[in-house]
Amino acid sequence: MNSEPYKGKIWCLVAKGPNRSEVRSALSYASSQGNKTCDPIQLGKRCHKPDSVTWHASYEFSSYWTQFRWSGGTCYFNGLATQAVKYPSYGSCKFPSATL
């Protein structure tokens, strides 16, 4: 049994099964923080596809958490988010990550 804590990259993604309207609201909140973290998910940008609320929110949650975790930002979003160690990727879109 390995008792060593995980060391590596971690992402903040939408948890399984949340309400889509709540995810939209959390995405709107994270995108409104004036940090331009949502620019890559805009139409025509590298992380717009797949075009889904879950994909866009996962990108934005990870981006927000990576940028603000040292100043109190969390990967929670009212229970809509979870931390993951599996890299979420699609095409040329690279999700921001935190390193533990």
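The backbone N, Cα and C atoms fix where each Cβ goes, glycine too.
As annotated by TrEMBL, domain 'X8' applies to 10-95. In the predicted model, residues of the domain 'X8' (10-95) average a pLDDT of 93.
Secondary structure of the domain 'X8' (10-95) per DSSP, as helix, strand and coil residue counts: 34 helix, 13 strand, 39 coil.
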